[in-house]
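Asker: Take this structure, written in C-alpha cells, and hold onto it; I'll ask about it next.
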C-alpha cells in the first residue's frame with residue numbers, strides 16, 4: 001500500500017463556505033490530480049473522524065478509511081473536477097461506497113475501474129405505488145407479508161421462477177426490460193419510468209463469461225441477501241406536494257412497495273473477471289495505481305470496452321430482476337385484494353441504479369464534455385427539463401429513491417440543477433453502514449431487534465436469522481441526517497418520506 005500520509009489526515013481536510021461541503025486538499029496522498037469533495041454535516045463527519053482515528057492508530061492495517069479512498073481515486077488518470085463523497089460514504093473495495101468520479105472521454109489515458117462500480121452492478125431500487133391506504137392493508141398485513149415472502153425468491157442460494165436457458169439468458173442480457181415486456185413480466189409503461197428505460201445500450205452478452213452466465217441463469221428474478229429487501233411502505237410525510245402528485249402520491253398513509261436488488265452472482269462474477277483482466281493489463285498501458293483495488297484500464301482500450309459491454313449486460317440483468325419481482329408483487333396484491341394490479345394502480349414510480357458507470361455530458365470549465373461517470377453507492381439526480389428525465393417528471397426533476405433500513409424511513413427526492421454543477425448530477429443512495437457486519441452480529445441482540453420492529457408494528461420475514469442483526473437500524477447511519485445533508489447542500493430536494501410496515505429479506 002502506497003501513499004500513507006506523513007501528517008495527520010485531518011490537516012488536509014478543510015470546511016468550505018458552502019453548506020455541508022468539506023475539501024480534501026492535494027497532498028493527502030501523492031499525485032492527486034484533483035481535490036476530494038465530501039458532503040457531510042457535523043454529525044456525519046464525526047463518524048468519518050472516528051474511522052480516521054482508528055486507521056491512524058494502525059497504519060499498517062489493510063483497512064483504509066473512506067477519506068483515504070476518496071483521495072486515492074483522485075490519483076487515477078483522466079479524472080476531472082473532484083473525487084466526490086456523499087454523506088452516506090463508507091469504506092469499500094478500492095472506491096468507497098458513496099463515491100462519484102468522472103473521467104474525460106477525450107483523454108486517451110482516462111480510465112474505467114470496476115471498483116468504481118462495485119461487485120453488485122446496478123444494485124438499485126424500484127418504487128411501485130398503489131391506490132391502497134394503510135387502513136386497507138392493516139387487517140391483512142401478516143397475510144400479505146407472508147404471501148410476498150412465499151412469492152419472491154429470497155436468500156443466498158435462491159432460484160428464480162423464470163425458467164431460463166442459455167439462449168433466453170443471452171437475449172435478456174442484451175435487451176433488459178424490453179425482454180421483460182416481450183415475455184409479459186413488465187408493462188410497457190414500466191420501462192418509461194426507469195433509468196435508461198431499463199436497458200443498457202452498452203450491453204453485449206458475448207463479453208459475459210460462461211462462469212458468470214452459469215451463476216446468473218438460476219438467479220433471474222431473485223431478491224438475494226445482504227441489504228437487499230422488498231418492503232411494503234406507507235407515505236409518512238409529503239414535503240413537495242406538486243412533485244409528489246406528479247408521481248401519483250397525494251395523501252399520507254398511501255401504500256407503496258419498494259424493491260432493492262441487483263445483478264446477483266452474475267454481476268459479481270463480471271466484476272471479478274474484469275478485475276483479473278485489468279490487473280494483467282495495467283503493465284501494458286503503463287498504469288500504476290496507489291492501491292491494487294483500483295485496478296483499471298483506459299476507457300477506449302480493448303479491456304475497457306469489454307468491461308463496459310459486460311457491465312451493461314449485468315445492468316440489464318438487474319433491471320430484469322426488479323421487473324420480475326414487480327410482477328410477483330403485483331400478483332400477491334391482486335390475490336389478497338381480489339383486484340387486478342391495474343385496478344390497484346400498481347404503477348412504477350421510478351427505478352434507479354446505485355452502482356453503475358455511464359457516459360454522460362456535463363459542463364466542465366464552461367464546456368460540454370463527454371464523461372464516464374462512476375457512481376458507486378450514489379444515485380443519479382438529474383434536474384427538471386433534462387432530456388434523460390421521463391416525460392412524467394419533466395417539471396419536477398428525476399425521482400431519486402433512497403432506501404433506509406428495515407426499521408426506519410425511506411425517501412423520495414428530486415434532482416436539481418445544483419447537482420449538475422456540483423456532483424455530476426448525483427446524490428446519496430441510502431443510510432450507509434456505520435457498523436461492520438461482524439460488529440453488528442457481535443453487539444446486537446436478535447430478540448431486541450425483533451422486539452423493536454414489533455413495537456413499531458412492522459411485520460418481518462427473513463430467510464437468514466443473522467441478517468436481523470446485520471441489517472438492524474443500529475448498523476446504519478441515520479438516513480434522515482444523510483438526506484437532510486444533501487437537501488441543505490442543495491444537491492437534491494426532499495419530496496416525500498415513507499416508513500415500512502412489512503419487510504422481506506434474504
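Even glycines carry a Cβ here, placed using N, Cα and C.
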Asker: Look at the Mn(2+) 2 binding annotation in Swiss-Prot, where 260, 354 are given, and name the residue from 123, 486 listed for that site too.
Answerer: 123
Asker: With 120, 123 listed by Swiss-Prot as binding Mn(2+) 1, identify the candidate in 37, 228, 300 belonging to that site.
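Answerer: Swiss-Prot names 228 for this Mn(2+) 1 site.
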Asker: When you put residue 228 (Mn(2+) 1 binding site) at the centre and draw a 10 Å sphere around its Cα, which of the recorded positions 260, 354, 355, 429, 432 have their Cα inside it?
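Answerer: Passing the 10 Å Cα cut: 260.
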Asker: List, in sequence order, the same-chain residues at least six positions removed whose CB sits under 8 Å from that of residue 120 (Mn(2+) 1 binding site)?
Answerer: 262, 263, 264, 267, 268, 355
Asker: Tell me, which binding-site residues from 227, 230, 260, 354, 405 are within 10 Å of residue 429 (active site, GMP-histidine intermediate) if we use the C-alpha atoms?
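Answerer: The binding-site residues passing the 10 Å Cα test are 354.
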Asker: What is the total of other Cβ atoms whose distance to the Cβ of residue 123 (Mn(2+) 1 binding site) is within 10 Å?
Answerer: 27
Asker: May I ask which residues of the same chain, at least 6 positions away in sequence, place their Cβ under 8 angstroms from the Cβ of residue 227 (GMP binding site)?
Answerer: 260, 471
